[in-house]
Amino acid sequence: MSSSGKTSSSSKSGGSSQERSSSRSKDDSSSSKERDKKDAKPKARNAAELRAREEREYLEGLMDSHAGYLKPIIISLSNSFGLTLKQTAIALALIYFGLHLITPAFLLPHLSALVTLIIPVRATLSSITIELDEKRGAREAKNSAQWCVFWAVYGMLEISRGWTAIWKPGWEPVFEITRTGCLVAVGGPWFGAKGLRPPGDSEELKKMEKEENAKAQSKQAKQAKQAKQAKQAKKDKKDKGREKR
């Protein structure tokens, strides 16, 4: 009797544990489905909207590797003022270089370091991590060559900065602006792996553009046919009027 009771209790406990595990798996699957629904992007209504979305994703990818802490600032300002990412980045660049014109000379190196030192250090460390990780390196674009060139240029400009401070101290503001411009140019995304080899149009975009072009051509052909028919009907009407006369 005791053994049968133990087996029945063990079977009950086993059944309840199976029920709990199945309910957990159901909850996990439902939660994952809900997450997928939230993460899923709404379908583009036309090719222009899809192209704009792909261009934004491409620019955000460039900012991931080259903008550092400026990326959330650029995106936030872009959304707030209704500007594109390019327009926002250009506006910030103009403001940044404008600050070089009004900042005292002794503060210019610190102002320059906000963009020409902090961001490149972070990007270089990220590139080293990608190079060391084989799986990630095969999946993501590598910018190691660009940062090697950047730091070589950075070192030469540091030597030039010391020479300017010793021999031509009055030229320091001009040199700092020139130095910042050179480093921004060398370390910009246009010389990165994605900038030099931008991805082409996606298959979805090509298909959507093809469909829209086909619809536009058929619409033009239909309008031309209707115009021709209307012209012919007008001509027939004139001919009938002449016959009556």
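Counting starts with 1 at the first residue shown.
Each residue, glycine too, has its Cβ placed from N, Cα and C.
The compositional bias 'Low complexity' feature in TrEMBL is assigned to 1-20 (among others).
Residues or ranges marked as compositional bias 'Basic and acidic residues' by TrEMBL: 21-49 (among others).
What TrEMBL records for 203-214 (among others) is compositional bias 'Basic and acidic residues'. Tertiary neighbourhood of the compositional bias 'Basic and acidic residues' (203-214): same-chain residues 44, 46-47, 50-51, 54, selected by CB-CB distance under 8 Å and a gap of 6+ residues from either end.
Sequence-distant contacts of the compositional bias 'Low complexity' (215-230), counting only residues of its own chain at least 6 positions beyond either end whose CB sits under 8 Å from a CB of the stretch, are absent. Per TrEMBL, compositional bias 'Low complexity' is recorded for 215-230 (among others).
DSSP states for the compositional bias 'Basic and acidic residues' (236-245), grouped as helix (H, G, I), strand (E, B) and coil, give 9 helix, 0 strand, 1 coil. The compositional bias 'Basic and acidic residues' annotation in TrEMBL covers 236-245 (among others).
Summarising the annotation, TrEMBL assigns region 'Disordered' to 1-49 (among others).
The region 'Disordered' annotation in TrEMBL covers 195-245 (among others).
Residues 67, 70, 73-74, 77, 83, 115, 172-173, 176-177, 180-181, 184 of the same chain lie 6+ residues outside the transmembrane segment (89-107) yet bring a C-beta within less than 8 angstroms of a C-beta in it. Taken from TrEMBL, the feature transmembrane segment covers 89-107.
Using DSSP to sort the residues of the compositional bias 'Basic and acidic residues' (203-214) gives these counts of helix, strand and coil: 12 helix, 0 strand, 0 coil.
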